[in-house]
């Protein structure tokens, strides 16, 4: 039966009629599928195919209508007949094709230094193109993010290499001659002449119904964006791919960051969370992350992006009343004029809800909400500082006008967008009584039936209560004090993550009445400790909350410790005196929490690894007096810290001790039971029991003496630990004017398109390079394919003297070599919290791979801890990245602290 255009039009009409009747929610998927078919019917491609079919059946097969039978037939006659037909006869060439579909005359391929070029098109891409997927996501972690133009260390990019593309020969069969588009099956023939024909959605006739994670195709819009590559690249970062999905199992390629001043930002159309479908003519749906990056690298100077994004969401306006509490309003904000939280949007957004604060208790305000007004003060088109001031200048009763996203986001299972403007420092502000800088809110107690932060003292029962704990690897997880003159046994400390903390039933200030029916009301400290030690795995404790008695007891302990400290300092019996050392500055090589040290004789001083301390009184063997040194100068606060001798003695005792609860701590962490001999009768750890044995003394990290030194160069940066490559890439892409990489040396012969001094320093003499390595002129070197490769001290120095941080992808051994060369690097170790933490940041890792990564990190820490400038930890890569940026900024001054030659 011949195909007629009017039949197609009738079918289209019937489909549209049927679609209009599908108004129920359950019909949404069917309606979406019908819309796809309608779009196909209405496309230029489909109409062209109908025209061809009709022309073939009606005109070519019915020769009498257009051919004189008296003339001999010619093989080319059908083509001639088609050319004089009444159909549109505009020639389809690269000039008349829409710009969006015209292929480039030249193709460019990326040639890696030592690996063969990969294929342009992913093996997954066939004629049957799978529909793209897109979910609305927040920028939750940088772990899967690859920057389009960020390259570090030895990953040098060779210049693009043009190769001529061969165009197909004209067709010799009776079909419409069209210029094929690579990786697509597209035929373009307008049914009516158009001066500027619109771009046609490629392969609309073969698109399958996509498996949308959130929403249908009706929820999305499509756009073609043409960018001209600038000096700093395309100016955006991507994440995702089949090998490392950005969100869940969605393998789409997402835009995760728009770099201010880059090509994408100047164009203004590309947005964070856009999904890239094609780069020029390369389909990047359902491809690996590296394939997408390769497509962007090879795209040339003019890059056409076909993107898909979720349609703008409507907002619901509501008013929220909050009553200020001890923690203020209890939320953080970001955004404002000049400090956009989301590119192109000056609004003020809620970025964090602080546990136990007013907003948390009220429950209505959520992350991602937009603040429109506070009381009568409008917060639209205001600066960040103005918004903070308005929120701080409120009374106890605060009325917030907020715009909430509709349920389109609420049903996603992912948080609304929380995107940090890449061009500025993070400036989240907590709206609390005295906080202008962002602080990380305490994580909720996951296993506690009621969050302890929400309950006030008045809400906790004062009656005796029974608590059952199961002893874990950290014992019972609390410390006790008391037991003198029948004053009672009190809980003085709850170990985070221990059985007591996870139960949520015990708290500091509880008096222990009994343990497994053993009455402790009049027990001594030793009797209470023995009862807890011998209680077995399941321990039943009767406790009573007595905060007033505990406060009086604490005051008494404080007075005793003050007397001891004054007596100790006045006796001056220590081996290290301030009279012997005029000024003593040290760098801490461990974290110290004064609340975990029950032996402090006076007010303690908290510090963390890498902090600089000015020891102003080192005359005592056990305790020093010190103040912290910050980038802004010395702190006024003076506190007590454990001496080097005390730290090492306690740590060695811990390493030589067999503990009944197999208690373990991280290397360099101060034991919780650090106490003074004079107070032994009033404090102990409820889960410690020591049986010492003799063993070889271990090297213990405590303090490193340092001197301040002026530098006239920009310090190199070495990042070690899991996900370091992602962090390095992001630093270079976000701050191309502040970070760079040095040119390595190699004995490999130069290739035709390479430039000496740009791609590599090509060394003609292997013997000379080996000699330079022996003379320590290289911070790191190795051999690959019988060629030497290495990074020289001079190459690093050249980058440093240009005012850029040289990003180095090297081992920990390079830190010491740079220090010897008087190039003191900023060395940062990313310490994973656990195997699960690693797998969360890189979802494609197997459990075995995560275990090996974790073990490598622990070995790295053990081997190079004393050489690290700082150690960072975080739940997400975004947290870690922000910490790294802050550390680099703090360490970038003209005066730095370097290891001193003298020893403690």
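Note that Cβ sites are derived from N, Cα and C of the backbone, with glycine treated the same way.
Annotated phosphothreonine per Swiss-Prot: 115, in sequence order, evidence recorded as a large-scale study or a structure entry.
Swiss-Prot lists 122 (among others) with the feature phosphoserine.
The phosphoserine annotation in Swiss-Prot covers 158 (among others).
Annotation comment: Swiss-Prot describes 162-212 as region 'Interaction with SH3 domains'.
The average per-residue pLDDT of the prediction over the domain 'PDZ 1' (224-310) is 86, rounded to a whole number. Sequence annotations record features per position, and here Swiss-Prot assigns domain 'PDZ 1' to 224-310.
The domain 'PDZ 2' feature in Swiss-Prot is assigned to 319-405; the stated evidence is sequence analysis.
Note: residue 399 (phosphotyrosine) has non-local neighbours 319, 320, 321, 374, 375, i.e. same-chain residues 6+ apart with C-beta under 8 A of its own C-beta. According to Swiss-Prot, the feature phosphotyrosine maps to 399, an assignment based on similarity to another entry.
If you look up Swiss-Prot, you'll see 568 (among others) marked as phosphoserine.
Under the heading phosphoserine, Swiss-Prot lists 573 (among others), citing a large-scale study or a structure entry as support.
Residues or ranges marked as phosphoserine by Swiss-Prot: 575 (among others).
Residues or ranges marked as phosphoserine by Swiss-Prot: 579 (among others).
Among the features that Swiss-Prot reports, domain 'SH3' is placed at 581-651.
Per Swiss-Prot, the feature phosphoserine maps to 598 (among others).
According to Swiss-Prot, the feature region 'Disordered' maps to 662-693.
The compositional bias 'Polar residues' annotation in Swiss-Prot covers 682-693.
Annotated phosphoserine per Swiss-Prot: 684 (among others), in sequence order, evidence recorded as a large-scale study or a structure entry.
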Original post:
According to DSSP, how is the domain 'PDZ 1' (224-310) divided among helix, strand and coil residues?
Top reply: 14 helix, 36 strand, 37 coil
**OP:** Pull the DSSP breakdown for the domain 'SH3' (581-651) and write it out as helix, strand, coil residue counts.
**Re:** 11 helix, 28 strand, 32 coil
Original post:
By a simple count of other Cβ atoms within 10 Å, which of 598, 834, the modified residues in the record, is least packed?
Top reply: 834
Original post:
Quick one: DSSP breakdown of the domain 'PDZ 2' (319-405) into helix, strand and coil?
Top reply: 14 helix, 38 strand, 35 coil
**OP:** List the Cα distance (Å, whole number) between residue 598 (phosphoserine) and residue 834 (phosphoserine).
**Re:** 28
